[in-house]
Amino acid sequence: MESSWGDLVEQAERPPGRAVHLHQRLSSPSRKRPLEEVIRIHEEKQLKAQQQRERMLDERLQSLQMLSEKVQKARELKDELIQQRQQHLDRKQRRAEQQRQSVLQEKIRKAQEEEAKVNEIAFINTLEAQNKKIEVLTRHQGLEARLQDIQEERQRKKEEQQAKEAAAQERRRQLEAERLARLEEMQQKKLEQEAKYKREKHEREKAREEAAKEKAREREMRLAARNEALQTATEQLQLKIQQKQAETTRRHEQVLEQVKEKAAGVSRHSTQDEVPAVTPYDKKKMCTLCNVEIVSEVYLLSHLRGKKHQQALSEIPANKGTLEDKDTISLQYIKEMPYDKAGETEKADQERQKALRKRAKKLRTRMAAKGREYESNLSSVSSQRQESSKKPRLQKIVKDLNRQLQSQGSGPWPANRVGSVERSLGELGRILESKVTADQVTFCNLGGLTTLTRLLLVPDIASDKPPIKPIIPHKALCSVANVLTLACGDCLDNCRYMVYTNKLSTLVDLLAYQMKNVSPSQGSSKKGADKETENSAHKYSLPDPLATALLKALATVLQCFATASPEEKEVAALVQRMVDLIGYVVCCGVVDDIRSFFSLIHGPLNDEPEAMNFAQACLALLSGTAQYLGCRSSNIFEIRKEDLTQFVVTFQQTELLEIVSFLYAILMNGGNQQSSSNPTLPELTINLVTEALGMLNFMGTVDLKMLQASLGAEGVSLEFRHIISHLLSVCSEGKNEDLLHEVILIVGYFTVLNNDNQVFVQTGRPPTLLQHLCSLPFQYFSDPRLRNVLFPTLIAACFENDENKKIIEQEVSCALLENYMEEQILDLHHDHLLPSQSGRRSDGEVSQRFALVNRFPPSKWEDARRFLLGS
């Protein structure tokens, strides 16, 4: 291997004399050969080399000769191939020439055939032209002949007409003569009849005068008899009033005596708990010691056993007697409320109503401006996404309704127009009953929602007094509201259109006008209303079906937004419109009117379906509103922002719209329910109570602190405890699962992180609320789905409360709750580590409302586990 120049340069230098030394060593005597031997070897090598050269030369000559032969053969083969190719090309050229000649001959033949055809066509056209000319001439001759016939026929008819006119003239002369004869005869008869009529009239006037004289005598006799009967009735009424006043005084003394006995019993035995009556007193009372207003027996007993009164009573220096003496002293402070005190409450309520009306005007102006702006921009936006197969029918119905609206005048609508509108609405309702989204969207795009809103604008709601005869019957308006409910049910597009275009403000205005007929006055409450106490009579006007239908329509829209996905409802513009809408509903007084209706109920509604439907519609509206406001927050335990809708403030200032008192009235019925060992409720009442408790639970997600404070207030707390205890007794066997779950959920909201309310669930006659919960069927402690409903409430009721923990330990076992908390903590950590798998577990599936994370703050889970463990 040759070395590069770099390798040679990098080699170490050789020492001098190395070559000489190496030559001397290799040239040693032992290595030297004789000269003859060297010459011989050299000559042998040269001979071998010469032989090798000759042999290689011969081989080269042979190879060159073979190569020459191969070249010669190749040349011959190439010449032969060239010759064959030339022959092949010659054959192809001859064949192509033959084909070209045949093609030319074919073209010539076809050209000759085409020319013959053209000649034939020209000949045929010539024949056809001649035939047409002959036909035209023939037709012209026929027309001339026919015209001649027509003229002759016309002349003949003219002559016949002249003959007929002459005969008719003769007949007319004869008829005129006959008519004149009849007229003369009729004139004669008329004169005779007038004479007869005058005679009969004179006779009738004479008989009428005699009858009038007889009636005057009878009237004088009846007046005398009526005056005498009126005098007798007045005396009897005065006697009844005196008896009633005496009876009222006796009952009042009797009630005071019963209150004394019950108060004494409460002081002696904390576990004895009577169910007081909900009927208000004839005149409101107050505790002069605590300056607290008392309106019924429920409020009286709740106040007497409350902390505030007991603390105020203990601060009296002279109060050192027995428990019975304390009860007597407590009742001495219960006096009738002075008129000026009652006026202060009503004045404050009036001021609040005035502020709400002022705010309603601002909201109405702002909503109207935004609605007009949206409608002006709506034309440039294509909203038609789905096409319905029933579009022609829907279009016809909308056109019919618009035609009826355009043709309306002043005054009530005639019966035929009302019937036409009702038929159109009935057909529209049958189409929309299936709740097909394409039908609903198509109806909206055709202007159907706008037409229905215009129908609701027909009634005159400007005046405070209702008209004697409405412009359009309430039955038709109810049909309009029902169709609106069907058009917006489960259709977010239509609901969004109703909100953006401010169509719902029309419903709210009409609803506020109709609600005035439900309650005696705007803003009245059970603390200010004068009610009868006998038989718990209902002193309210029957609910208006139109108000019920309008409430259902508004509730449908609100519930549609409440149940929609966050991406669809968390749009900034939509959220602002919804806040304005809810605020407008509150400021128009609809919520206060609902509260007034609830305050006037003092007994069950099983026999009053109209009132039951109205109450359900009211609760549906409140529930949808609370659900929408609650779903906007992911954590119910965080600090709440300012209430822009005034919805929460209204609930807080009106004791939850007196819904608890309403439930107490329809469930407890004066305390009679406690006597039954296995109480039952009608299906309608169960649905109503479930809706009401669901609404309160949704209010817990809106403002938990407000709900706890309102339910824990005096009077309301006692009613709430009796209601929950009674419902737990009704559902003790696991029946009515939806109602039972709502009861469990509201007890959890009532007690979570609230020491006062935790104490409240362990008081009262055994079994207490906490014992009721611990004695639920076994499935609630074994089935994962039902455990997720019950266990969070038990944890909320006993967290940092040793007495409640002891009760649960005695009735069940805190180990179950500790294991449940540990499972939930592990699941929470698993969800944080693997968020993609957090929704895949199906063990214990339950509604998100009942999840522990929404009922107990996760920051307290570890503390709750340690508390249940006992460490």
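Using the three backbone atoms N, Cα and C, a Cβ is placed for every residue, glycine included.
Predicted automatically and left uncurated, TrEMBL annotations should be read as such.
TrEMBL lists region 'Disordered' at one of the ranges 91-115, 191-215, namely 191-215.
According to DSSP, the region 'Disordered' (191-215) comprises 25 helix, 0 strand, 0 coil. For the domain 'C2H2-type' (286-309), the model's pLDDT averages out at 64.
Taking H, G and I as helix, E and B as strand and the rest as coil, DSSP gives the compositional bias 'Basic residues' (355-369) the counts 15 helix, 0 strand, 0 coil.
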